[in-house]
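As annotated by TrEMBL, domain 'Protein kinase' applies to 8-266. Per TrEMBL, ATP binding site is recorded for Lys41. The domain 'EF-hand' annotation in TrEMBL covers 326-361, 362-397, 398-416.
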Amino acid sequence: MEDIHATYTIGKELGRGQFGVTHLCTHKTTGEQFACKTIAKRKLTSKEDVEDVTREVEIMYHLAGQANVVELKGAYEDKHSVHLVMELCAGGELFDRIVAQGHFTERAAASLLRTIVQIVHTCHSMGVMHRDLKPENFLLLNKEEDSPLKATDFGLSVFFKQGEVFRDIVGSAYYIAPEVLKRKYGPEADIWSIGVMLYILLCGVPPFWAESERGIFNAILQGEIDFVSDPWPNISSGAKDLVKKMLNSDPNQRLTAFDVLNHPWIKEDGEAPDTPLDNTVLNRLKQFQAMNQFKKAGNRINIHNLLNFTSCLLILQVIAGCLSEEEIKGLKEMFKDMDSDNSGTITLEELEQGLAKQGTKLSEHEVKQLMEAADADGNGAIDYEEFITATVHMNRMDREEHLYTAFQFFDKDNSG
């Protein structure tokens, strides 16, 4: 077994998943930097777990040379761990870049989707189904404006043959296709996942939403998609047509990757208009990203025991304009409790202190991410309106459902 430490110096942690921890690593001879995903063997408790890691390596080598797929530089194994050294994507996650730019158009969304679908078309043509397509698994190679987009995390990917049926339920809740939940699926499930991504790109929220995974799965199986609430009346008919055809509940009627690439809206210089999307979409994307970051943090802390404010901000849907003063009395009290100096705003320091008082341990970086997600006007503090409105904005829920969901969320002991 070749010792990874003989070739690379392992540096700071970059990310953490269910099985692996990713660190920055530097080649001792060339000084070139890479990402090293380390998988502890003690976590590979079954034969299937070992096969999954082996298959991930095989698939990444199989896809080597594809421009928009993260390149595997080498695989190493020692007594305790398996190490995968990969191309370093220093530009961050796709949605983070979109939010940071501060403006977004349908044409830009079409361009991004075109790249993503081209990646998936390549994978499918090479007999690979990704099975975990989501925004977090598309990274930018560098911080340049024209940085290449790279697909990553092939840990759930499989080789497939035409007509082969898969039955294991894998993937991330928002993006799972209905046929996956029915345990009878093929590569069409990847197209569904990209359709969900497109929906989020255009309006800032997922098409199927609930507080629990079970609720999300039920919504997916029902297949009711909102094209009525804002900003959909202002979205082009071509974009809506493509989303509908990618999110067709019947996988046999769903577009293939090839079909998507030939849709008039997605083509280069096609129908997608170049007019900016509403700023609300970017704000929703920002909040959706923050929620995802805290779900990741939930691997290290009990996310359900976070301070009510934190949980509310990232998970609970509260639309300020739909609630009376009486209805948001509880939220008002939370805000006052956090605002220790009665200034009418919550500062980063107050947020840190409030979380600490509740026994919630978050890193300085995670608290800062939470702050940035809530601080819509970017002035460095959370005011009362931002506190109420900086939640996952789900306009498709009507008022009664909205309040019932809020009540259920806060009634932790089911006392009524």
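Cβ atoms here come from the backbone N, Cα and C positions, even for glycine.
What you are looking at is a predicted structure, and each value in this text was computed from that prediction instead of being measured.
In the three-state DSSP scheme, Lys41 (ATP binding site) falls into the helix class.
Cβ-based neighbour count (10 Å, all protein chains) for Lys41 (ATP binding site) stands at 15. Taken together, the residues in the domain 'EF-hand' (326-361) have a mean pLDDT of 71 on the 0 to 100 scale.
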